[in-house]
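Features of the protein shown, as given by TrEMBL:
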- 1-400: domain 'Major facilitator superfamily (MFS) profile' (DOMAIN)
- 16-36: transmembrane segment (TRANSMEM)
- 45-63: transmembrane segment (TRANSMEM)
- 69-90: transmembrane segment (TRANSMEM)
- 126-147: transmembrane segment (TRANSMEM)
- 275-296: transmembrane segment (TRANSMEM)
- 308-334: transmembrane segment (TRANSMEM)
- 346-369: transmembrane segment (TRANSMEM)
- 375-396: transmembrane segment (TRANSMEM)
Amino acid sequence: MDKDSPIQTTADQSSWIASLMILCSAVSPIPASYLADRIGTKKTLLLAAIPYIVGWILVMLASNVPTIYVSRLISGLGYGIAYTAAPMYLGEIASNEVRGAMATLITVMSKFGILSQYCIGPYVSMLGLASFNISIPILFVVTFSAMPESPYYHLKSGQHNLAEISLKKLRGRGFMREELDCMSHLVNENMKEKSRWKDLVTVGGNKKGLIILLGIYFTQQFCGSTAIIAYAQQIFGAAEGGLGAKESCILFGTVQLLTSAISSQLVDRLGRKPLLLVSSCGVGIANIIIGAYFFMKHENSEYVVNLSYIPVIVIPIFIFSYTIGLATVPFAITSEIFPTNIKSKATCVIQIFVALMTFAVTKLYQVIADNLGNYVAFWCFGLLSVGGVIFILILLPETKGQSFAAIQEKLYSNEKVVYEKQDDHMSRVKINV
């Protein structure tokens with residue numbers, strides 16, 4: 001925390017304050033998965049606001065570090081619930097043509113929130129910042145309550161009339177009964193068999209989808225993104241790059257917000273796979289360059305004196321490359337790749353995996369950097385990023401603009417699926433054997 005903060009912390013305590021929320025977010029996806037199936041994704045998202053509100057109340061009342069720890073743990077519960085239910089809800093309410101953009105809005109708004117903290121935090125007290133932040137979940141509850149529930153949830157619950165009402169609200173004049181009929185048919189087919197947790201690894205299509213997403217999210221975390229963002233100021237300080245804490249944080253926040261907004265516009269135009277490939281290549285190259293710089297610095301190379309600008313240039317390029325694909329596109333794929341009966345369980349497993357990987361890489365970076373050197377950490381990140389490129393190139397199918405039915409055909413059979421848009425703006429799936 002800042003030296004002017006009423007609660008002073010050590011470096012280790014600050015590290016735990018930053019990490020506890022992510023660690024605790026691995027706990028709540030299981031109840032979130034259960035709630036999404038029982039009460040719907042909309043109500044589950046509304047419940048996610050409660051831990052955030054309680055967490056910020058504790059920050060407002062805090063007079064010691066343990067209270068801050070508790071507030072972060074409780075907020076982590078809300079984080080886990082929100083990131084489990086949000087991809088499901090957005091994927092299910094969006095039409096095929098804009099589903100990718102809708103799902104990537106999770107990242108856009110997340111980056112907007114981060115930038116707001118960078119811009120406001122240094123200039124207000126801890127109480128003032130907490131007072132501002134507590135208004136966000138309260139405003140969310142007030143506004144989001146007016147949104148309709150996912151029509152897929154209503155169909156899964158046998159409430160066809162409510163599903164029709166929900167879809168009419170979502171589509172407005174664009175409502176077509178044929179879309180509702182397609183949804184109903186797909187849900188009926190998916191729900192013929194009751195889902196079990198073991199189906200994630202015993203059913204071929206589920207297993208393939210899970211492997212694809214775990215591989216993508218592993219690349220997302222082990223490309224070094226979390227470490228670079230969390231320790232950016234230390235990296236700049238070690239590199240003698242000349243940027244202060246406030247300037248570097250605002251720079252990172254701005255680059256992330258603008259790039260995530262660009263990604264949301266490209267994901268349904270260029271496709272998921274191209275963005276992920278460009279992103280993984282970009283972060284891999286950036287890691288190798290940054291690693292080379294720190295290696296020369298470690299070896300006291302005579303050339304390093306004239307190269308102090310490298311981290312200042314390359315790290316923003318890293319942030320751009322990361323945000324254009326790896327930070328945004330996985331949410332789009334998560335929202336569309338699993339059938340209705342298993343989606344909540346799959347999203348639960350993925351969110352737990354992401355939380356644990358985020359926590360691990362944040363801690364591991366510091367250990368490797370302290371014991372082996374920054375350059376070793378960055379070269380490891382670069383190597384894993386290259387592995388991610390190969391993984392995505394071989395295993396990830398393109399899902400741009402395709403219906404849930406078409407995507408499931410790709411994963412659950414060896415037949416080639418072609419998405420065709422008709423003159424009446426409806427779509428059908430053509431199977432080429």
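The backbone N, Cα and C atoms fix where each Cβ goes, glycine too.
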Tertiary contacts of the transmembrane segment (69-90), as residues 6+ beyond its ends and Cβ separation under 8 Å: 16-17, 20-29, 31-33, 35-36, 41-42, 44-45, 47-52, 54-56, 58-59, 62, 99, 102-103, 105-106, 137, 150, 331, 334-335, 343-344, 347-348, 351-352, 354-355
Outside the transmembrane segment (275-296), six or more residues from its ends: residues with CB under 8 Å to it: 216, 219, 223-225, 235, 238-239, 263, 266-267, 303-304, 307, 310-311, 314-315, 317-318, 320-329, 373-379, 381-382, 385-386, 388-389, 392-393, 396
Tertiary contacts of the transmembrane segment (375-396) (same chain, 6+ residues out, Cβ under 8 Å): 208, 211-212, 215-216, 218-219, 222-224, 227, 272-273, 276-277, 280-281, 283-285, 287-288, 290-295, 297-298, 326, 333, 365, 368-369
Local confidence of the prediction over the domain 'Major facilitator superfamily (MFS) profile' (1-400), expressed as mean pLDDT: 87
